Amino acid sequence: MEAFVKMNWLSYVVPNFKSAKYVLEHNKYLTLIELLDESQPYRELNRLQDIELSKLSNNDPILSRIQGSLIGLAVGDALGAAVEFRSNAYMQKNRVKEMQGGGTWGLQAGQWTDDTSMALCLAASLIVKSGFDDYDQLVRYKWWYRKGYMSSTGSCFDIGNATRAAITKFENRQRQSAQQLGISTSEHYLDRIIGEKRSQINFNAKCGDLKAAGNGPLMRLAPIPLFYYRSKSKAIENAANSVSLTHGDKKAIDVCRFYSALIWNAINGISKENLLNQKFYYNNFKLSFDKDVMKIIQGSYKKKHGYVDGIRGKGFILNSLEAALWAFYNDENSFEKGVLLAVNLGDDTDTTAAIYGQLAGAVYGIEGIPKRWRNRLFQKDFILTLANGLYIKGKTFDRPRRTSEVIDDVQEDKHKTKKSNIKSSKGAAHIISECK
Ligand SMILES: [Mg+2]
């Protein structure tokens, strides 16, 4: 584990002598946006000096939930990483109870896989672009696949078939566009100039196969509702948009619309009981969902025994949604219990747990995630910095007007949140210091 993992949280806001020397050697400080365009941002965290981050107040329960969702995703991923693809029968004999290294990918305990890498790419894009930029998101996924950007090992060691095919299609479209525009095919032109000129050539960023329904878009989803925490309609609309970059099946799109609405409402203080109530769908959507997605929404996951009741932690997005909701439903309000239920189902262990962690972390907040796991997480301070960035940049996002597709009950939720803020503000005052 690299030395800077243990740095004090404040040291990138008010650098100490050592970090000042480091910065001198490397010429300059970096704002958060500059940091996220570095080839491996977490390695440059010592150079971060960002005015907006330094002014961040940590007494908002919404910030605790945003941090909880992103850290929850990464903690779930790290807990499941060593046993990814192990069967349920294997897991029954070798239950995961703590973070462990080795196993499937030979990682160190606390290191994470593609789920977190892609989520961090998405979060970085939302922060740098101050909103949804499909081209930039694909560029960062490409950097991850080709150069290990946001990878916990420095290279991409695991990628889903549909995601790889979509990134390859995107690269081909980039080169075709360069020819069309008569410009260089160097990286700068492909990744920056075409992005700026894409409206001129009607660049199509929907690179997902229309039959792709794997859990890839769900495992990386959280940054969308976290960034758009002030606009439910945007959180749902852009969840759908984020899916189609790599996966085109309607089931995948509907699942991510629904899960984004769950996370959004959790961030805004809606209780677990109301999230799991069948009325939740009708309170949030007017559009019709795929019938198989509806079966899950209507409660197919509300079973006690998991695997013997037919719950599967497989890579098909419907299995993943059902399994993550089953773990949430049965977690007895404990992140620790729920995330281990998700991992110990077996199969796509890290992703089931990462999907659970996004929602449970949003409900229970950062302080609901066991401290020993937060402290073991690779680049925890960097992930927290991205969560803080989503909160800050999302705060300035203009709330759109009501759309016909989505009932935007922000005002109603805000009223409810106000009440819950009063109850929980005492615990939220020390959320960042607790995360060290
Ligand atoms: Mg993974």
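Positions of Cβ are set from backbone N, Cα and C atoms, glycine also.
The annotation Mg(2+) binding site is assigned in TrEMBL to THR113, ASP114, ASP115, ASP348, ASP350, THR351. Residues or ranges marked as region 'Disordered' by TrEMBL: 410-436.
Feature map: TrEMBL annotations on the structure.
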| residue | record | CB count, 10 Å |
| --- | --- | --- |
| THR113 | Mg(2+) binding site | 27 |
| ASP114 | Mg(2+) binding site | 27 |
| ASP115 | Mg(2+) binding site | 32 |
| ASP348 | Mg(2+) binding site | 27 |
| ASP350 | Mg(2+) binding site | 29 |
| THR351 | Mg(2+) binding site | 31 |
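The secondary structure of THR113 (Mg(2+) binding site), as reduced to three states from DSSP, is coil rather than helix or strand. Using the Cβ center of THR113, ASP114, ASP115, ASP348, ASP350, THR351 for Mg(2+), the list of other same-chain residues with Cβ within 8 Å runs, in sequence order, ASP77, GLY80, ALA81, GLU84, ASP158, MET219, THR349, ALA354.
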